[in-house]
Structures are given as structure tokens and as C-alpha cells.
Amino acid sequence: MGAEIGPSNIEAAFLLEALKKGTRVDGRGIYDYRTLKISCGPTYGLAEVQLGQTRVLARVSCEVTRPFPDRPTEGIVLFNTELSSMAGFGLDSSRSSTQEVAISRMVERVIKQSRAIDAEALCILAGEKVWTVRIDVHFLDHGGNLIDAASIAAIAALRHFRRPDVTVDGEEAIIHDVRERNPVPLSIHHTPICVTFGFFGSAGDMLVLDPTLLEEQVQVSSFTITLNSHREICALNKAGGIPLSPDQIQRCTQVALAKVDEVNEKIQLALKASTA
């Protein structure tokens, strides 16, 4: 990443003073998301998410490969992220930044380790052929809170994706062209959604939901909780040196539960609109 210019002392002081009064620079409440827009298509597995000034594009593709020797009956899920220099000032697309690596690992952890995708359903012939599903996430505009936008885009693209149908005859597998037979959706167990909070002040006693880029540059710590529609915690991630109390974690969890329902509803509407 190139040299990123942070906010001036006046900007930081103004932001903190506004938070002390329970308001934010952009006029939102402390528990309000920015305007979220999700669109899917026109091709299968393509989803674009706009969260305020943050814009992320996710594309899902697949190919037939050999499985890993230690997991002969499971398909493979791969992740790739690209934080373009055009997404914001000071970003360098020639090499992976610490932030980009952290986001990639977080989204991968959210989807793979929570077993959102049924890996065994990606098996064609045990030990011989499986589907390798690749998720490419492109950050087009960096306006803050890339993790939430990336997780929403990735899961929306996965749910929108269709792979070619397969017919297995003994030891042979026939991959049908999508023009010959309707492609089939992936088997997805649940929909994990990341919800991120930023903490401010020397003791981290002030918090906001969905921090903007300016707020991220001033915050002393961040906390991301990943939940699904079954109200299950899929992952937790904390960055920064300020410790969080059990009360703060509980408060974040209660807020996140309500926000996950709202995001899931918007994903459902985007999926329906793409097939209309």
C-alpha cells in the first residue's frame, strides 16, 4: 500500500466531539448502516455491493480439478481479492497490502470455516474429479468498512451462481453445457454476514456501526462479528489494542442480530430481481 494520508487534527477532533454528542459526521446514528445497494447479474455469480461510498464487485467461477489427497470427496473453494489503486488515494495495486490480506483471510474464514458451502456436494468422482469454486472480490471504491461489503458481495455472488449440471455414469462424468441443460445452484447451508463496529476514545468507550474511511482512520479499535439468519455466531475478529468488555461485546451482538436480518432481506430481494 502506498502512503495513505490520514485526517488532520481538526478533522479528528471534530469527529470525536460529534461522537461524544451521539452524532456522526455524515448524519447517521451510531447504529445506522450507510445506504446498502445490492445487484446481481447479468451473468451467474456476479454481484455488486455499494455501501455508502464503498463499492465491491464479486465474481464466482468454477472448473473441474482433482481433489486434495487428504479430502478426496470434497470440492475446493478458493478466494482472491484485489484492492485496486483506483479505489482510493494512496493504494498500491502492485502488491498486496496488510489490509487486503486481512480482509481476504477474514472473508475466507467466514465462508469456508463456517462451512457455509457444502464441500461434499462439489464432488463429482471421489478422488478423481471435483468442482473448484473460485471467488474473486474486487474493491472498486474504498469508502470504509471493506470487510462488511466484501462479505455481502461474496455470499450474494455464491447464492446467485449456477454451475453446469453433471451426469455420472460409472467412472465417467459428463459435464453438460449450460445451453443443453439448466445449470444448478451451489448447495449453501447458511448465509454468514459480517457486521463491523469501530471504537473511539482512549478507553474505546464510544462505538459506531459501519465506520466510514474517516472514522476508520480515527478509531482505536474495531470489532467484526459474523452471524447468520439462524442467529449463530460464525466468526469474531478484533483489531486494535483496546480491550473490549463483555458488556460491549454483548451490545454489539444484539445490534448485529438485527442488522443481519436486514442485510439478508436485501440479498433476497436482489436475487429475486435478477431472475425477474
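Using N, Cα and C of the backbone, Cβ positions are placed for all residues, glycine too.
All annotation found in TrEMBL is predicted automatically rather than curated by experts.
Helix, strand and coil counts under DSSP for the domain 'Exoribonuclease phosphorolytic' (33-164) come to 38 helix, 50 strand, 44 coil. Residues annotated as domain 'Exoribonuclease phosphorolytic' in TrEMBL: 33-164 (among others).
Per TrEMBL, the feature domain 'Exoribonuclease phosphorolytic' maps to 190-258 (among others).
As a whole-number mean, the pLDDT of the domain 'Exoribonuclease phosphorolytic' (33-164) in this prediction is 90.
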